[in-house]
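Below is one structure, written out as structure tokens, with a few remarks after it.
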Amino acid sequence: MRGRHVVEISSTYKRGASKDHVNAYDKQESSVRYTGHPSWRRPFPHVVVATLASFLFGYHLGVVNETLESISLDLAFSGSTLAEGLVVSTCLGGAFLGSLFSGWIADGVGRRRALQLCALPMIIGASMSATTQNLWGMLLGRLFVGTGMGLGPAVAALYVSEVSPAYVRGTFGSFTQISSCLGLLGSLFMGLQAKGIVGWWRACFWVSIIPAALLALLMEFSAESPHWLFKSGRTAEAEAEFEKLLGGADVKYAYAELSKSDKGDDSGVVKLSELLHGRHFKVVFIGSTLFALQQLSGINAVFYFSSSVFKSFGVPSDRANICIGVANFLGSIVAMILMDKLGRRVLLLGSFSGMVVSIGLQVFGASSFPSSTEAFYLSAGGMLLFVLTFSLGAGPVPSLLLSEIFPSQIRAKAMAFCMSVHWVINFFVGLLFLPLLEQIGAQILYTIFGAFCLISVIFVKRNVVETKGKSLQEIEMALLPLE
């Protein structure tokens, strides 16, 4: 990962009012050529520690997948679809609350402390779920875990983008998606024994305390975000953290860039209303829409329905879930390799386009070859291809891209707002999926998902700017409209 790195600014962002501003910035920076770049090894361990939050997110998302039947039997709510649904959805409600306040927490106590804080409700909630003797204790535990799930990934995305050198920020940003996949796979493998060993589901919750405790402990020794420190007026500490993350030779340039981008910021206090209109509206709108389209593509519905599709052809649900998890993981690995080579925009376009094709295969298989071998290959193959193409771009890119395009003044709170939109859409897709499936059928419903994927391709092509290889300061100065 070494070589010559030349700072450049692209004026591909289509915004008439700022075109002259971008050109002026290009001229201003033409004399500053930064050759070489800091080692990726210095920030690497800090990034790995932060992605434990994403691992926990994936683990708790999947921990009830294979264990729900055993939980319902032990806690005496077996056969109640409402109770089973609450065990799953209560976690989503907690995640919404956690993500809603994540920006204010991250700006208030810093990225490092916020990541430590997210581990606390996960430890408490997992302990409550593991020891409860009734449904209410399980629901309260899931609510606690959900708040940590909402807070952790949002702050982790911020932290990783702010401590990573520009030339590997895409690769490091993909670690959060890979960690989520590993967490999901880990929960699926842990749950395989749930039906065979009485009370095994309790062990599945106890195990999650280990990575949560490691996150809280290891973040104590990790660097704080220099961006947050500088924004908070702690400039000497910001320089010290830059040295820890980049090395002494690169501190002056990084600090100069950071100082330049924050010129003219009159206040660190950002109101919610400022995100919904004015100079920041367009980037917040792009971010919110990307997350909304990610969920409206039907990815979580496909995850939910995959077991039923495989089961209808005689494939056990546990094998089906593992196949889906492996496809998700492999796609995330490929995305990590390509993120800083092809760029975010290309991966998003290819990902959503591939999802359109894969949904077409599923619809064609269900309509042309009912209950046949051909139907299975098209439906199951289309489903695996859908998950694979999702994990190539639509999965990992939005959170990374948003942490890059938001100006430092609003970055944490704008991320919180967009993540809240993500959880609201996620909740309603999960709530309406089964009723719509019964009323209009799988073919029409999946066609609607395909249409949203097609809309996503058009939206990305018209609105998303490429950010690969640029520092956060370069992106901010190029995209922020003149006041």
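Quick reminder: no glycine exception, Cβ is built from N, Cα and C everywhere.
Because TrEMBL annotations are produced automatically, they should be read as predictions rather than curated entries.
What TrEMBL records for 43-62, 82-105, 142-160, 172-194, 200-221, 283-307, 346-364, 376-402, 414-434, 440-460 is transmembrane segment. Taken from TrEMBL, the feature domain 'Major facilitator superfamily (MFS) profile' covers 46-468.
Within the same chain, the transmembrane segment (200-221) stays apart from the transmembrane segment (346-364): fewer than three Cβ pairs sit under 8 Å, each pair at least 6 residues apart. For the transmembrane segment (283-307), the list of distant contacts is 275-276, 317, 320-321, 324, 352, 355, 359, 383, 386-387, 390, 394-395, 398, 401-402, 405-407, 410, 414-415, 417-419, 421-422, 425-426, 429-430, 433, 437, 442, 445-446, 448-449, 452-453, 455-456, 459-460, 463-464, 479: same-chain residues at least six beyond its ends, Cβ to Cβ under 8 Å. By number of Cβ pairs under 8 Å, the transmembrane segment (172-194) is matched best by 376-402 from the list 82-105, 346-364, 376-402, 414-434, 440-460. Segment contact is absent for the transmembrane segment (82-105) and the transmembrane segment (376-402), given fewer than three CB pairs below 8 angstroms at sequence separation of 6 or more. The stretch with the most CB contacts under 8 Å to the transmembrane segment (376-402), chosen from 43-62, 346-364, 414-434, 440-460, is 346-364. With pairs at least 6 apart in sequence, the transmembrane segment (346-364) and the transmembrane segment (440-460) have 3 or more Cβ pairs within the 8 Å limit; the two touch.
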